[in-house]
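According to TrEMBL:
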type	residues	note
DOMAIN	253-386	domain 'GGDEF'
TRANSMEM	12-30	transmembrane segment
TRANSMEM	37-57	transmembrane segment
TRANSMEM	63-82	transmembrane segment
TRANSMEM	94-114	transmembrane segment
TRANSMEM	120-142	transmembrane segment
TRANSMEM	154-175	transmembrane segment
TRANSMEM	187-210	transmembrane segment
Amino acid sequence: MSLEIDNFTIVVATGAIVFVLGTLFVFMWQRDRRAPWLGWLALGYLMGALATLFLAPRGNVPNLYSMGVGTAFLLLAFGFLWVSCRVFAGRRVIWLPIIAAPTLWMSSFIITGFSEMVGVRVIVASLPAAGFLLMAARELWLNRDEGLPSYGPAIGFFVSAGFFFAFRIAAVGLLPFPIGGLDLHPAAMATFNFVIFFHAAFISFLMVSLTKERHEAAQRTLAESDVLTGLPNRRAFVSDAERLMRRQKNIHSPLALLTLDLDHFKLVNDRYGHDAGDRVLGEFAKVLTASLRYEDLRFRMGGEEFCCLLPGLTLREAHAVAERICDTFQSTAVEVLGGTVRCTVSIGISSTDICGYVLEDLLSEADAATYEAKATGRNRAVLAIAAPKVPVPQTVGKVTEIRGRRRA
């Protein structure tokens, strides 16, 4: 009798904790509808708590109701955990596996003697459970490029939980139920419930942490983005430029910087209105995006001023990029109320080849080159000239003498 009470208490206590976690997720989801994965997570935890109501009185009710219905709800719980990770990763819900797993499990009870075949039950239940947990880890793994700090630990705990259920299959003939398929033992019951509780607690914590980190990243992106063009703003430039500068210095690779200033932009605003000016800025942002590589960074510094960071490019290569931007933007027609606007841009170019790995020097030299481009006719790209602060190859010395060419 004491054994039954102990097992009953262990299962009920585990279910109560899981129920509390599920209720908390419901509350969090109600408060934050931007996080639908919390709703699926809540459903998974509540299904797990419901499963314990059927599993706890094992031995006092028929196996069909305790092990049958209880395990079916447990499989639903694991299925909804997988869905929560899938929704977190921005993918659609796939219902077939969620419905198939508990349905096939319950259908197995039609087989004569299945309810008494402990080892077979462990295998049939553990296969989909391990599958759901490992698929949940896979969903997060595929989305890890988002760069949230909690991705690694969350993936690790889902993999650990999946391997635990896979281990049950291997231990069917070696360990007592519920870890293996031998006769029930209280130590095995306590261990099984501890492992479930341990993973449930940490997975819940890590999913909340991922949600918090995503919201913080979104706020940070919003704070560091220009609403009009969608480009990062000056605030983002400060942090990104310093980080990129350090990386390029560590790998001994050059970094080119472009400062870009739209020509006669004030006249566009005065003649056609600020809406027209906004359209011009938006089109120029598109030109920048189309003209640069994926790894190049572009920023709107304010007004009609932009800046680009080109890692790995020499002065000559950066000059070719700037020329391409000038040519493309000059040929871009912007339709505005009252006519068609064509604008040009003046670009100053500096590089670590001549300025060293000092951001302030790069900016000041590029700004000076931009002023020179404005003073000598606009619509051109001008290279900064400065006394070399690092050894400069002979080819670079020739490039520094290039001046912007006048355009039609």
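Any Cβ shown, glycine's included, is placed from N, Cα and C.
Automated prediction, rather than curation, is the source of TrEMBL annotations.
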Could you count the residues of the domain 'GGDEF' (253-386) that DSSP puts in helix, in strand and in coil?
63 helix, 37 strand, 34 coil
Are the transmembrane segment (12-30) and the transmembrane segment (187-210) near each other by the rule of at least 3 C-beta pairs under 8 angstroms (pairs 6 or more apart)?
yes
Contact ranking winner - 12-30, 37-57, 94-114, 120-142 against the transmembrane segment (154-175), Cβ under 8 Å:
120-142
Look at every Cβ pair spanning the transmembrane segment (63-82) and the transmembrane segment (12-30), keep those 6 or more apart in sequence, and say whether at least 3 of them are under 8 Å.
no
When counting Cβ pairs under 8 Å to the transmembrane segment (37-57), the leader among 12-30, 94-114, 120-142:
12-30
In the same chain, who gets a Cβ under 8 Å from the transmembrane segment (120-142) while lying at least 6 residues past its ends?
67, 71, 74-75, 78-79, 81-82, 84-86, 88-89, 91, 97, 101, 104-105, 108, 114, 151, 154-155, 158-159, 161-163, 165-166, 168-169, 172, 177-178, 180-181
